[in-house]
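Have a look at the structure below before the remarks.
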Amino acid sequence: MGSNEEGNPTNNSDKPSQAAAPEQSNVHVYHHDWAAMQAYYGPRVGIPQYYNSNLAPGHAPPPYMWASPSPMMAPYGAPYPPFCPPGGVYAHPGVQMGSQPQGPVSQSASGVTTPLTIDAPANSAGNSDHGFMKKLKEFDGLAMSISNNKVGSAEHSSSEHRSSQSSENDGSSNGSDGNTTGGEQSRRKRRQQRSPSTGERPSSQNSLPLRGENEKPDVTMGTPVMPTAMSFQNSAGMNGVPQPWNEKEVKREKRKQSNRESARRSRLRKQAETEQLSVKVDALVAENMSLRSKLGQLNNESEKLRLENEAILDQLKAQATGKTENLISRVDKNNSVSGSKTVQHQLLNASPITDPVAAS
């Protein structure tokens, strides 16, 4: 309704300015602080009726002194769901008893359930609903399904009320020229559009199998009502509920993802193992090189020791040969001295017995 309050004074102020334009063609008086006025009053506050753009600007009263303008038309539409009773017997006259085809919800609901497409007389909708609800109140099994259905219809009526309010605001802002004929015509059109849907719910409810008062309701008694209640829920949450093929796709994707994760883990594990092995190989190669260097040093030392040993052996051999030569020379000297003494003794003894022996 704020758009009505905002749009009416501007149009009313523009009309006299347009009418006075031919008369005051040479007079051009404008409000110098128009931007300041717009910033001061804001977009949601209507301009006072006594304000004229062709007159000189004067001191305007503060906004809190303005009286709130009366609404152009009385509010109408369905009340909010908390104000409606759970059973739906004492419903507001403006509330429609049946589900209203509006948007994709009505299309999905009509596609799921066939009782919504059956036409029923709209003149006795309230009386038939009242009597039918009295009959259905005796059954305990159908009470919950009916209340669920009424809750769904109340939610859709509240959504329709909000959409009707938005359309009403648009219509009133577009046609706020002092006449309310456009708003009344749009209201009548909406009422005519909503009137055929009022007879749909009794037809869907009359399709339920009724039993006697003494008979207890079976489990199957609530099944015909479930499509009308569940259709809205399915249509509202159709995107959230996965289909069977969607579940298969999701499972397949999960399986593929798990396979990818396992392959990635195995690849990372193998990569870590190869890195560890490469580190071990590098360590072993370094150790082998160090051992080879030590072995070369030991070979050099052993060669030096062998050469020293050979030199020592040569020296020992030389010393041994010198000693033996000295010994032989000494023996020869001793033998030569003893032989000469015996020869001299024999020559000195001139006896015939010893001469041949000495000669021999």
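From the backbone N, Cα and C atoms, a Cβ is placed for every residue, glycine too.
Marked as compositional bias 'Polar residues' by Swiss-Prot: 1-16 (among others).
For 164-184, the entry in Swiss-Prot reads compositional bias 'Low complexity'.
Per Swiss-Prot, the feature compositional bias 'Polar residues' maps to 198-208 (among others).
When Cβ-Cβ distances below 8 Å are used as the criterion, the compositional bias 'Basic and acidic residues' (246-264) is approached by no residue of the same chain that is at least six residues removed from its ends. The annotation compositional bias 'Basic and acidic residues' is assigned in Swiss-Prot to 246-264.
The feature compositional bias 'Polar residues' is assigned by Swiss-Prot to 335-352 (among others).
Among the features that Swiss-Prot reports, domain 'bZIP' is placed at 249-312, with the record citing sequence analysis.
The annotation region 'Disordered' is assigned in Swiss-Prot to 1-26 (among others).
According to Swiss-Prot, the region 'Disordered' annotation covers 150-275 (among others).
The region 'Basic motif' annotation in Swiss-Prot covers 251-270, and the record cites sequence analysis as its basis.
If you look up Swiss-Prot, you'll see 335-360 (among others) marked as region 'Disordered'.
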Secondary structure tally of the compositional bias 'Basic and acidic residues' (246-264) (DSSP, helix then strand then coil): 19 helix, 0 strand, 0 coil
